[in-house]
Amino acid sequence: MDSYDLFRRLGAGAKFDVKRFSADATRFQVGKRKFGSDSSETVKGLDFFGNKKSVSDECGGLQTQQELQNEETTEGGLLERSKEPKKKKRKKMTADVPAQEDLDGTIQWTSSVEAKLQDKKANGEKKLTSEKLEHLRKEKINFFRNKHKIHVQGTDLPDPIATFQQLDQEYKISPRLLQNILDAGFQVPTPIQMQAIPVMLHGRELLASAPTGSGKTLAFSIPILMQLKQPTNKGFRALVISPTRELASQIHRELIKISEGTGFRIHMIHKAAIAAKKFGPKSSKKFDILVTTPNRLIYLLKQEPPGIDLTSVEWLVVDESDKLFEDGKTGFRDQLASIFLACTSPKVRRAMFSATFAYDVEQWCKLNLDNIVSVSIGARNSAVETVEQELLFVGSETGKLLAMRELVKKGFNPPVLVFVQSIERAKELFHELIYEGINVDVIHAERTQQQRDNTVHSFRAGKIWVLICTALLARGIDFKGVNLVINYDFPTSSVEYIHRIGRTGRAGNRGKAVTFFTEDDKPLLRSVANVIQQAGCPVPEYIKGFQKLLSKQKKKMIKKPLERESISTTPKYFLEQAKQKKVAGQNSKKKETLKGKS
């Protein structure tokens, strides 16, 4: 081994401080060196131990001066890979990467392999950083959803919104529409609005479930108005279906309120004959949104030619979808099928809203809707937590009336809603309570539309303290400030119970629900008790031990409710006499009219 080889081994991986050892650096030409014909002198200068052999002799006379110069011009010409095995990992140098000069003047040798590894590491860090950022973003969204009890199912889910101002930043909402929302008192979106609005704005079909009084109407009204953008003369471009006229009227009122100043023409079908002329084939088509019940719309569609055109509908919204999808007299499954077929536009999208999830509706949506997103707030089919719920055993049907009168004597905070099983029982209870000295009225399907509208208006205005009703008002109707709901007759299912008590405790306000039950209601108690317990309200221990009903038994109970004793305390003899007098009076009127005509 000569001095040249020794120097190469001693200098492997070393750093040279050019500033500190400038003389030596100049002498040994470290750094940016210009190699000339005197390269042999440089080699001689490295002969510290007086070894007189030339490089050519050492290399067997095969290496020329030009080859030596080429070797020195490569990176680390003075350095070679060590052939000895090393236990520790060290930086390896090759002869194809030039030396890098640090800012402090030192020279640091870097191999091409190491450079590639460093580049790969840097790229990996960048990649990891972007992945981490995306992961953090998703974690924040999941935390936000969990905080507000938002449960979402589907693919490629849109992010929820936290404020209505985000609609301006991300979706370019009309300034007037945004101002109307804020002026109406909606400062912060509710959980269902946080997720349902972005889903509909992305044009996705939706199945949404949220507790009663959680703002579902606004959740579909805002995206409809945003996506329609402005009024056009193409006919109806949005259709909202609800099970009752009272609920349809409420939705119509809310849509007009938040669309004020935007120019949208929002209509509701009051009388089918007038609607056929107004919306028929010869109409000007100067309308945008229609809110209606299924039966009135079906009547128009069956006309020849059809009394209404739905071929331009872009959004079909079904409110209280689980009720509308029911079979039998109380459901509208067949009517909905006809309405769906009438909406033939390729742009049509559908959204289903309800306070409860029905298995039939969910399965139908998965089979028939395209790339559907399912959104639910809180536990499925659960009662709203702002309602204090109580089960009250009254023994028999007679005990119900006694308990009702006891509540009146103790005093209550109106307004109060009282639910009964049938129209006949609603009339009977009304006649019993009218003599208790309280402002009471009744609403049911046998009353005229004008009477129903007047009753609802009086109840909203506070003129009526206690309103007796059937299941007609259990769906969707929003009465501001209802403090107490009394289930005079036990509901036929937990779903009906949830909708009934949902008339109180709305929009974050507190409310109370009292449910009377007798020995005859024992088969239905268990399912309702589970709902009450899930909401955090106490349930007697003995009720928890009751046997569960089979699904067939539940369906039978819903279709054929219990036969109950009459509420009326008036003896049957007097009731029959009153009926006879009524019939006699009607007959005498008919005779008088016939005489007048003759």
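Yeah, the Cβs are placed from backbone N, Cα and C, and that goes for glycine too.
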Per Swiss-Prot, the motif 'DEAD box' among 231-234, 319-322, 447-450, 579-582 spans residues 319-322
Within 10 angstroms of the C-beta of Thr212 (ATP binding site), the count of other C-beta atoms across all shown chains comes to 26
Residues near Lys216 (ATP binding site) by Cβ (under 8 Å) yet at least 6 apart in sequence within the same chain, in sequence order, are Ile192, Ala196, Ala208, Ala210, Asp319, Phe353, Ala355
Min neighbour Cβ count (10 Å) across binding-site residues Pro211, Gly213, Gly215 flags Gly215
